[in-house]
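Enquirer: Pasting a structure below so you can have a look.
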């Protein structure tokens, strides 16, 4: 039987019957191979698409889960933010209340401080009045003693019970006076007088002032008088026994508190008074003490 050789796709050859029957057999196999190839390709594409769809579905599910998680977290964060806002509001209200209480407390404290200052001022004034009263009482006692000494002076020749003034001291109306030659500061002068059981001179009136003027011997002397200041300004003058100044014998234009530091008073050689710095060493001093009777 005649045969015809045909080549297959794979490179090998195949013998088929010759003639029309052989050619028919050969060409009838080709559509089968084509259909098989198309089927295989389709299956492959179906598998690939199935894999891609499965992967896309998985990723979509993951994205949806992530989106749900984000929404859940966002809801939680929103709730937490709302809670924080409420807490901030509560804190703001609390702070406002505390601030109001603080302002009220400050106002009450200010009122209490004002009342305390008023009470302290009243107490200070009362203390000053008591001190002034005691000093004036002491001065009154000394005045009575002076009058008594004057009465005793009238019978001095018949009664010599009072001790004489120390050597270099001058006597006048029941008191002894010492006029220094050296010069020093006001504080040192007061110390010198205290060492002699005396004090810087207190001028009680015109008679005593005349006695002092007559014995200046051309020198200046510290008196027992100092300025009283309040808030840096001179409010008055006070003797060393605590009594405020009543009698005065100021020089013209005095006291002037030059440079705001003239706190002590001295007597010029003319007998007139002048305010001066307490640390000045240009003047002597006059000590005074009562006779020892």
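Each residue, glycine too, has its Cβ placed from N, Cα and C.
From Swiss-Prot, here are the annotated features:
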- 53-293: topological domain 'Extracellular' (TOPO_DOM)
- 73: N-linked glycosylation site (CARBOHYD)
- 96-136: coiled coil (COILED)
- 159: N-linked glycosylation site (CARBOHYD)
- 264-278: disulfide bond (DISULFID)
Enquirer: How about long-range neighbours of the coiled coil (96-136): same chain, 6 or more residues beyond its ends, C-beta under 8 Å?
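Expert: Contacts of the coiled coil (96-136) (Cβ under 8 Å, skipping residues fewer than 6 from its ends): 239, 241-244.
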Enquirer: For residue 278 (disulfide bond) and residue 73 (N-linked glycosylation site), what Cα-Cα distance in Å is obtained after rounding to a whole number?
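Expert: Roughly 85 Å, rounded to the nearest whole number.
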Enquirer: Which has the fewest other Cβ atoms within 10 Å: 264, 278, the disulfide-bonded residues listed?
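Expert: Looking at the disulfide-bonded residues 264, 278, the Cβ with the fewest others within 10 Å is that of 278.
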Enquirer: Just to confirm my parser: what is the rounded mean pLDDT across the topological domain 'Extracellular' (53-293)?
Expert: 87
Enquirer: Can you tell me the CA-to-CA distance separating residue 73 (N-linked glycosylation site) and residue 264 (disulfide bond), as a whole number of Å?
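Expert: A Cα-Cα distance of 86 Å.
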Enquirer: Looking only at DSSP and grouping its letters into three states, which state does residue 278 (disulfide bond) belong to?
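Expert: For residue 278 (disulfide bond) - judged by DSSP and reduced to three states - the answer is coil.
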